[in-house]
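S.K.: Have a look at this one.
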Amino acid sequence: MDLEFDRKHIWHPYTSTINPLHCYPVTEANGVYLKLKDGPEIVDGMSSWWSAIHGYNHPTLNTALREQSEKMSHVMFGGITHQPAIDVCKRLLQLTPSNLEQIFLADSGSVAVEVSLKMALQYWHAKGQSRPKFLTLRHGYHGDTFAAMSVTDPNNSMHSLYKGFLPEHIFADSPSVGFWEQWDESDVDDFSSKMAQHHSDIAAVILEPIVQGAGGMRLYHPTFLKRVRELCDHYGVLLIADEIATGFGRTGKLFACEHADIQPDIMCVGKALTGGYMTLAATLTTKHVADTVCGGEAGCFMHGPTFMGNPLACAVASASLDLIADGHWQQQVANIEMLFAELLPTLGDHQQVENVRWLGAIGVVETKTPVNMEVIQKHFVDHGVWIRPFGKLIYMMPPYISQPEHIQQLVSSISSALDKPECFVKS
Ligand SMILES: *Cc1c(COP(=O)(O)O)cnc(C)c1O
């Protein structure tokens with residue numbers, strides 16, 4: 001593999017051309033393993049950014065993709081429909097909250113978020129109200145396109161770089177009471193007062209239910225989400241649940257909203273939708289929101305990507321949702337959660353550790369100083385695992401098929417990294 005070419009010419013996510021970090025060449029992926037070129041198979045603790053929930057090279061998903069590719073890889077979705085799209089949408093409606101009836105297929109998570117924001121804006125426009133603002137939480141993450149970024153944490157996504165271009169929305173304090181902690185009613189004070197103050201300008205609240213992912217791996221209390229739903233109902237504001245990271249079982253429930261027993265007005269799914277095979281996402285909403293949008297001035301919902309409803313992606317997503325529907329994920333995720341609950345507290349006393357936390361198949365070790373990316377990445381690979389931390393967050397989101405020995409190996413490689421001062425930036 002021409003790694004020199006890669007280093008010289010190819011941009012990887014969030015990387016510098018002046019100081020490109022080392023990239024590890026992967027030639028194959030099977031089950032929970034990534035095969036390194038001229039190297040060993042290493043245990044994947046990331047599910048390729050939380051998407052490959054059933055593991056790699058899955059026979060059922062492979063078959064779905066191959067069979068579809070022999071029929072039709074892509075046709076436009078404008079004025080044309082096809083069985084793979086109908087199949088995936090039927091399955092989505094069966095799995096998602098019962099109030100959601102209308103599906104928009106998008107090509108990535110960020111686009112699904114853009115679509116959800118546009119739906120909310122078109123909804124209020126159709127009702128003859130100007131509501132140009134969104135209310136969201138600090139430490140949130142909703143994607144890298146501009147509108148998605150505008151509701152992502154202002155510091156993490158460096159809003160200052162785009163000042164004057166990026167719309168300015170309203171940020172409430174992120175929840176501080178953890179998922180397993182005792183609920184404290186004051187946790188929702190800031191959100192509640194922002195809502196009281198600005199509600200007539202707010203088209204929708206957008207948040208990640210229960211788990212704030214890329215913005216800080218924060219696991220918050222279900223009652224916070226319950227209160228948000230109550231406040232949205234009270235003030236007549238729409239609620240958008242971004243389940244792109246949490247959807248399809250990751251938190252131990254099929255969707256994280258279920259932890260609080262609430263239903264959103266609009267929901268975004270992505271990441272694990274195709275079991276990590278292809279890029280596909282979806283925005284779902286209620287008949288009421290959809291019909292209101294379409295009763296407005298435009299007479300339709302104004303969006304339509306070129307690769308909308310791509311048949312290959314839909315076919316593999318249907319196969320992945322069938323694997324979800326068989327229910328094995330529940331025991332698999334519960335087993336991973338049990339192991340995290342047993343193993344992570346043993347790291348909690350380490351002098352480098354600020355906090356450990358877990359929920360479902362998510363395990364997080366927050367450190368006191370940021371990691372030295374290059375050094376800790378090599379440490380993990382040398383220890384036979386793929387874990388990609390950011391800042392002070394070393395986290396695991398392994399495939400659901402991971403066995404106890406895989407989880408143990410992930411945790412013990414974190415444990416040995418904590419003992420190496422060179423894995424962290426000097427404070
Ligand atoms: C990853 C993610 C997105 C963006 O999805 P992309 O497919 O990377 O565009 C949006 N919201 C949440 C919560 C995510 O985790």
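From the backbone N, Cα and C atoms, a Cβ is placed for every residue, glycine too.
Heads up, here are the entries from TrEMBL:
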BINDING   Trp49, Tyr141, Lys271, Gly304, Arg388  substrate binding site
BINDING   Gly109, Ser110, Asp242, Pro305, Thr306  pyridoxal 5'-phosphate binding site
MOD_RES   Lys271  N6-(pyridoxal phosphate)lysine
S.K.: Check the binding-site residues Gly109, Gly304, Pro305, Thr306, Arg388 for any whose Cβ is under 6 angstroms from an atom of ligand 1, and report them in sequence order.
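M.R.: Only Gly109 meet the Cβ criterion.
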S.K.: Hey, which of the binding-site residues Gly109, Gly304, Pro305 is the loneliest by Cβ count within 10 Å?
M.R.: Gly304
S.K.: Would you find the one among the binding-site residues Lys271, Arg388 whose Cβ has the most company, meaning other Cβ atoms within 10 Å?
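M.R.: When each Cβ's neighbours within 10 Å are tallied, Lys271 tops the list.
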S.K.: Fewest other CB within 10 angstroms, which one of the binding-site residues Trp49, Tyr141?
M.R.: Trp49
S.K.: Pick out which of the binding-site residues Ser110, Thr306 has the most other Cβ atoms within 10 Å of its own Cβ.
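M.R.: In terms of Cβ crowding, the pick is Ser110.
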S.K.: Starting from the Cβ of Asp242 (pyridoxal 5'-phosphate binding site), draw a 10 Å sphere and report how many other Cβ atoms land inside it.
M.R.: 32
S.K.: So of all those binding-site residues, Tyr141, Gly304, Arg388, which one's Cα sits nearest to Asp242 (pyridoxal 5'-phosphate binding site)?
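M.R.: Spatially nearest to Asp242 (pyridoxal 5'-phosphate binding site) by Cα position is Tyr141.
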S.K.: So of all those binding-site residues, Gly109, Ser110, Pro305, Thr306, which one's Cα sits nearest to Lys271 (substrate binding site)?
M.R.: Gly109
S.K.: On a C-alpha basis, identify the one among Trp49, Tyr141, Arg388 that is nearest to Ser110 (pyridoxal 5'-phosphate binding site); the candidates are the binding-site residues.
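M.R.: Going through Trp49, Tyr141, Arg388 one by one, the Cα closest to that of Ser110 (pyridoxal 5'-phosphate binding site) is Tyr141.
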S.K.: With the substrate site defined by the record as Trp49, Tyr141, Lys271, Gly304, Arg388, how many Å span the farthest pair of C-alpha atoms?
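M.R.: Greatest Cα separation within the listed binding residues comes to 34 Å.
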S.K.: If you measure every Cα to Cα pair among Gly109, Ser110, Asp242, Pro305, Thr306, the residues listed for pyridoxal 5'-phosphate, what is the largest value in Å?
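M.R.: This binding site's residues have a maximal Cα-Cα distance of 23 Å.
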S.K.: Can you tell me whether DSSP puts Gly304 (substrate binding site) in helix, strand or coil?
M.R.: coil
S.K.: Out of Gly109, Pro305, Thr306, which of these binding-site residues is nearest Arg388 (substrate binding site) by C-alpha distance?
M.R.: Gly109
S.K.: Where does Asp242 (pyridoxal 5'-phosphate binding site) sit by DSSP, helix, strand or coil?
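M.R.: It is in a strand.
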